[in-house]
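Trainee: Next up is a structure, given as structure tokens.
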Amino acid sequence: MSHYRQRFLQLALDSNALCFGEFTLKSGRISPYFFNAGHFNSGAKTAALAQCYADAIDAANMNFDLVFGPAYKGIPLATALACEYAQRERDLLLTFNRKEVKNHGEGGTLIGAPLNGRKILIIDDVITAGTAIREVLRIIRNAGGTPTGVAVALNRQEIASETNRQSSVQALMAETGIPVVAIATLNDLLAFVEENASLAKFYEPLLAYKTHYGTEAPD
């Protein structure tokens with residue numbers, strides 16, 4: 001497993017962003033783990049997370065000159081990532097959107113650098129159904145930008161349903177042709193748990209969940 005994946009999963013565990021047990025998801029599935037990026041709730045945690053994002057993005061050779069953070073969780077993630085790249089002597093443009101249209105002041109729904117003519121990397125925590133990302137793609141294209149990739153923290157690698165064996169990430173990539181990179185995946189989480197003696201009791205439930213709901217092909 002790549003070092004940044006290991007760092008991310010340990011950071012998520014230490015921050016309680018990654019928890020093990022029994023969790024009912026929005027889909028109704030009972031998951032043996034739960035990921036909540038809202039628990040990266042300090043400057044140090046967010047900075048460490050941004051380092052993991054940047055390492056994953058660089059490993060994937062993503063081509064972009066602007067980072068876009070969808071409201072709301074994507075906003076601090078994109079901001080922290082832009083700051084991390086500044087530390088790496090790469091000054092990227094930054095934009096995010098608001099969910100409510102502002103009719104006074106600067107107005108509109110976009111805040112930050114203009115998107116027109118830019119190659120844009122979208123930053124978010126996870127992709128669930130992909131609906132929010134598709135809306136962001138529409139916003140970017142309408143503003144004259146070109147979406148060139150999506151980066152998320154965790155790819156759950158789950159099928160959409162028993163009749164649709166694609167994951168939301170696979171469906172999004174097939175539909176749009178836009179690459180999606182994740183810091184870590186369910187496969188990485190399995191390896192992480194297997195290698196960590198204190199987490200050994202969670203390995204079999206995770207494996208059973210992956211066997212039932214995991215995608216047949218890697219994302």
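For all residues, glycine too, the Cβ spot is worked out from N, Cα and C.
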Trainee: Among Thr128, Thr131, Thr176, which residue shares the orotate site with Phe34, Phe35, Arg156 according to Swiss-Prot?
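Mentor: Looking at Thr128, Thr131, Thr176, the one Swiss-Prot places in the orotate site next to Phe34, Phe35, Arg156 is Thr128.
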Trainee: Using the Cβ centroid of Phe34, Phe35, Thr128, Arg156 as the reference point for the orotate site, which residues of the same chain not in that list have Cβ within 8 Å?
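Mentor: Nearby residues not in the site list: Leu25, Ser31, Tyr33, Asn36, Val126, Leu154.
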Trainee: Determine, from DSSP, whether Lys99 (5-phospho-alpha-D-ribose 1-diphosphate binding site) sits in helix, strand or coil.
Mentor: strand
Trainee: Let me spell it out: for each of the binding-site residues (Phe34, Phe35), count the other Cβ atoms within 10 Å of that residue's Cβ, using every protein chain shown. Which one has the most?
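Mentor: Top count of Cβ atoms within 10 Å goes to Phe35.
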Trainee: Here's one to test understanding: among the binding-site residues Phe34, Phe35, Thr128, Arg156, whose C-alpha is closest in space to the C-alpha of Lys26 (5-phospho-alpha-D-ribose 1-diphosphate binding site)?
Mentor: Thr128
Trainee: Measuring Cα to Cα across Phe34, Phe35, Thr128, Arg156, which the record gives as the orotate binders, how far apart are the two most distant ones in Å?
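Mentor: The two farthest binding residues have Cα atoms 13 Å apart.
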